[in-house]
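According to TrEMBL:
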BINDING   15, 17, 42, 63, 88, 108  S-adenosyl-L-methionine binding site
DOMAIN    22-193  domain 'Ribosomal RNA adenine methylase transferase N-terminal'
């Protein structure tokens, strides 16, 4: 390891990727072309940054750690296609940072903020042509889960609406410095041309999905009633119209069933 870099900061969830074979696999998974613009989140000590800079037309690397950002600016000072941006990715103004260009994302996300960062990417999905993210295995499994399993939840359904989600490969703790206590996984997210399902009202669909998983041990009926989406009589009519048993639990519903509930409820509520 380059001793000029500061030691990893546990408070920031820093685990620097150090295995060159894994770095090359991530690069391959990103499917980079010479004309691509790339957004890298969490460049750390710049091991992956160096290879991205050699292949991309333009690279924006967002690093929260002030000391690391300063050292990266110094390291890549002679490469005008590389911009090191010191900021919390959760606070970034993507319009200001990326403009109207489309970017590919390569991200090694700190475990403590991975889920909120994923939801930010979801909100800004129209800016990205492909995302390759390194995550704690537990979060990656939730992204790629199938119905009727414990990992299936809000994250799964909302991302499946807009992305093709693929579990690419596992990354063991020994590939990092310092080694984390859990396995990691690389997930690729390819945006769909349009929503996978017709949901009626998008805001209502998202509220419905969140309500359905609001109390994991409760039935769909109890979750929807507690979610305040509609009056109990309307919810009874909703489930009857959709031929969905209210005694089921949210994790048993496929995205198509959530979409059916959303479309039907949109009509019932006049949205």
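Just so you know, glycine gets a Cβ as well, placed from its N, Cα and C.
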Averaged over the domain 'Ribosomal RNA adenine methylase transferase N-terminal' (22-193), the pLDDT of the predicted model comes to 95
Most Cβ neighbours within 10 Å, among the binding-site residues 63, 88, goes to 63
Sequence-ordered list of residues in the chain of residue 108 (S-adenosyl-L-methionine binding site) that lie 6 or more positions away and have a Cβ within less than 8 Å of its Cβ, or none, is 17, 41, 42, 44, 48, 133, 134
Per DSSP (three-state), residue 63 (S-adenosyl-L-methionine binding site) is strand
The largest Cα to Cα distance in Å among the residues 15, 17, 42, 63, 88, 108, listed in the record as binding S-adenosyl-L-methionine, is 19
Most Cβ neighbours within 10 Å, among the binding-site residues 15, 17, 42, goes to 42
